[in-house]
Amino acid sequence: MSHKEEAEPLLLQADNSSHLDGTQESDLENNLYTRPSGAKTTAISLQKPTADHDYSVTGEHFDPLSRRQIDHPTSNFDTMVHLLKGNIGTGILAMPDAFRNAGLAVGTLGTVIIGLICVHTMHLLVKCAHELCRRTQVPTLNFAEVAETSFKVGPTSLRKFSGFARTLINVFLCITQMGFCCVYFVFVANNIEQIVNERFGVNLAPRTYMAMLLIPMIFLNMIRNLKLLAPFMMVANIFMGVGLGIIFYYVLQDLPSVESRKYAADLSQLPLYFGTAIYAFEGIGMILPLENSMKNPQDFGGWNGVLNTSMVIVGCLYTAVGFFGYLKYGDAAKGSVTLNLPGGELLAESVRIMMALSIFLSYALQFYVPIDIIWPSIKSKIPTERMQLIFEYTFRACLVLFTFAMAALIPDLGLFISLVGAVSSSTLALIFPPIINMFTNWSVGYGRYNWMLIKDCTLIMIGFIGFVAGTYVSLGEIINKNTKA
């Protein structure tokens, strides 16, 4: 594989099916780091300014959207499909557990509020990207580049930290994706454990099933080219769609009265709800790659644009699964709704099998992002191609082993999802975008009474409180469970 192929692996374009042919867009959160494949940058390249360089008045007549040259641009419908699939994964299956930690009323209202905030920060990121592209006269920027450039146009005293900002974004992207991989290990093991226990009466610990998954997972992640993963991802997509349909079939049957469930849970449980909900909504990493690869990127924003339309559908699905899942199962709701489906029924077992296979196959796509961020810097220090290949396979195996070890340490699916959401998702979705927006507008202004500054600071505070409280409570629950075990 050439260096260029490694640097641009993650564009999922529906009208370029010969390239990825159904690749698992449902995990497009991993499309976080690279530029879209086929995007030709013909404009002036981003210069490295001095610490006191000011971009505030440059590029006034430069239109980045008209300067993009993409070999296989995606249509509005393609982009909407990618957004829908990119936000529907293990997070939606955990929403009944999230509502258990919030209550019906608080969970419903909280999901709507968190969804609105996340969509707003997505819009902020796109808007800042366009503005910074205009100032630096480049057609596209990815998440890390937007963060770096925002620091370069922000407060003079902080411009020297622009490189650190870029690195920090990439670090959190790696943490997020590795966290997803750990969650996937736990998810697959828990579902297999339940199937084997109910069907054959064999009672083994989840860690045993994780160990059984380790070798197949290592071999799956030896695949270095996403094109070779396309058939597996197509199967994963089908399993996910059919499984969700059957889950709704079970959840909507014989529902108890609303009065039988709590409207609001204890305040101490809310951080766990926040972590799970923000984990489910955290798709901000795929926003710029998708918008950058559109045929008509001007249709992405706006009140009835592709982003809002897609996220309204996603929000309704999350709320429906959370509300009816908690209404159905109450305090017995588990970290994945698949674990609540009745035992001994072939249809319910088929859902668990389909979801486990879908998530198992999707692990490879999530795994691609940390590889794509970390490996190039390691590869450049290895002299020969043969040694590079050996080291890459070894590095891939070590990363899979690391996710296995983390999953074995925290085998509780619900708590693991909440922890990943609190640590990484809240940072990427709630803290970084308003900081980027503040620095982008540093020399422009924040509107009357500095309302934009107040709003951004409020978002940062919400994200920080969620980060601290969610991490503290999740880790506390994990430690307590491990101590009791």
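Positions of Cβ are set from backbone N, Cα and C atoms, glycine also.
TrEMBL has this to say about the protein:
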COMPBIAS  14-35  compositional bias 'Polar residues'
DOMAIN    72-474  domain 'Amino acid transporter transmembrane'
REGION    1-35  region 'Disordered'
TRANSMEM  102-126  transmembrane segment
TRANSMEM  167-187  transmembrane segment
TRANSMEM  207-223  transmembrane segment
TRANSMEM  230-252  transmembrane segment
TRANSMEM  272-290  transmembrane segment
TRANSMEM  302-326  transmembrane segment
TRANSMEM  346-369  transmembrane segment
TRANSMEM  390-410  transmembrane segment
TRANSMEM  416-436  transmembrane segment
TRANSMEM  457-475  transmembrane segment
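Residues 10-11, 28-32, 34-36, 74, 79, 82-83, 86-87, 91-92, 94-95, 97-99, 101-102, 106-107, 110-111, 114-115, 118, 121-122, 125-126, 129, 140-143, 146, 173, 176, 265, 300, 307, 314, 318, 414-415, 417-422, 424-426, 428-430, 433, 466, 469-471, 473-474, 477 of the same chain lie 6 or more positions beyond the ends of the transmembrane segment (272-290) yet place their CB under 8 Å from a CB of it.
Same-chain residues lying 6 or more positions outside the transmembrane segment (302-326) and placing a CB less than 8 Å from one of its CB atoms are 76, 79-80, 83-84, 87-88, 91-93, 95-96, 98-100, 104, 107-108, 111-112, 115, 118-119, 122-123, 126, 247-248, 251-252, 255, 261, 277, 280-281, 287, 294, 333, 337, 340. If you look at the transmembrane segment (207-223) against the transmembrane segment (346-369), you find at least three C-beta pairs under 8 angstroms, all six or more positions apart, and that counts as contact. Between the transmembrane segment (102-126) and the transmembrane segment (230-252) there are fewer than 3 Cβ pairs closer than 8 Å, counting only pairs 6 or more residues apart in sequence, which means the two stretches are not in contact.
The transmembrane segment (230-252) shares the most Cβ pairs under 8 Å with 346-369, out of the stretches 167-187, 346-369, 390-410, 416-436.
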